[in-house]
Amino acid sequence: MDDNKKKMLESALKSIDKAFGKGTLVRLGDKEVEKIDSISTGSVGLDIALGIGGVPKGRIVEIYGPESSGKTTLTLHIIAECQKKGGVCAFVDAEHALDVKYAANLGVDVDNLYVSQPDFGEQALDIVETLAKSGAIDLVVVDSVAALTPKSEIEGDMGDQHVGLQARLMSQALRKLTGVVHKMGTTVIFINQIRMKIGQMGYGSPETTTGGNALKFYASVRLDIRRIATLKQNDESIGNRAKVKVVKNKVAPPFKVAEFDIMFGEGISKMGELVDYGVKLDIVDKSGSWFSYKDKKLGQGRENAKIYLKENPKVADEILAAIREQMGSESLSSSSDDDDIKEESGEE
């Protein structure tokens, strides 16, 4: 850069600093690149798929899928992981459907969870903004976007037309929230539902999410969760197999996929993930229906292998450490999965 341009740039920088405060505009080479911190999802596979060991801090995240696919279960696991690291969490229950007992079963410290059940959408989003601005909250979950009904719609009559009201509400709220959550390091997770596009013909997915397009743009991470199978034992349903696709990821490569078991009343099965990823990475040997690790027989059949790992947390810890080492994720090594293994096995 020639001297004349350099003087002009220095003059412009001084003017900007004077008008908006020192450090408003900085050269990236003069500033240390900040590592993006994360909150574990409670699933080893999903943490790996997200690339940074979980959902990013200080960002907006959207988790969407059909009914009973595991959206709320996944967010409750994220809350539990955040609390284990000393984080303060809030749950904005716009659907008025939070099951406190189930949340406790998943490891959520319900006594220290802040819960709000707002009357209308504007109130819910104002609460989220106030919590984020406080700088004291690490994670806010909104369940769900579809339930954020504008005040004018609630106060109106049945059958009244309210075209685009919710989309405008979300667009305005997200414009205000994005900068605040980044500055304060608060993660905001929006749970969303799926609707079918009216009159969809030809190419493209017939599905869309509620609340307009704003959330699609402002979210740093978007997770699509689906139930792909029902898990049965002796003809009795004991859980679901879930598949999560990272549809959008601004902090790591997108389009990664993770699968895990969600057991009824228990949530994500970490032992199931250890078996699956252990086999995938050749850490656990599978010969026919038998699973083994080193010289130890884990059991015949996947369910028996999971039971063995529950009863032998030291073996589970070894397999988890080997998975982390092979996947090469530094952020995973600081997650609290070891504690989860001990909890799932019943060890104190």
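Think of each number as a place in line: the chain as shown, counted from 1.
Each Cβ is built from the backbone N, Cα and C atoms, and glycine gets one as well.
The model shown is predicted, which means the values in this text are computed figures rather than measured ones.
In Swiss-Prot this protein carries:
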type	residues	note
BINDING	Gly65, Pro66, Glu67, Ser68, Ser69, Gly70, Lys71, Thr72	ATP binding site
REGION	326-348	region 'Disordered'
COMPBIAS	336-348	compositional bias 'Acidic residues'
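What Swiss-Prot annotates, mapped onto the structure for a quick look.
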residue	record	contacts (Cβ under 8 Å, 6+ apart)
Gly65	ATP binding site	Lys71, Ile194, Asp224, Ile225, Arg226
Pro66	ATP binding site	Gln193, Ile194, Arg226, Arg227
Glu67	ATP binding site	Gln193
Ser68	ATP binding site	Arg227, Asn240
Ser69	ATP binding site	Ile225, Arg226, Arg227, Ala242
Gly70	ATP binding site	Ile225, Arg227, Asn240, Ala242, Ile262
Thr72	ATP binding site	Asp143, Ile191
Lys71 (ATP binding site), DSSP three-state class -> helix
Excluding Gly65, Pro66, Glu67, Ser68, Ser69, Gly70, Lys71, Thr72 themselves, the ATP site's Cβ centre has within 8 Å the residues Ile225, Arg227
Within 10 angstroms of the C-beta of Lys71 (ATP binding site), the count of other C-beta atoms across all shown chains comes to 22
In three-state DSSP terms, Gly65 (ATP binding site) is classed as coil
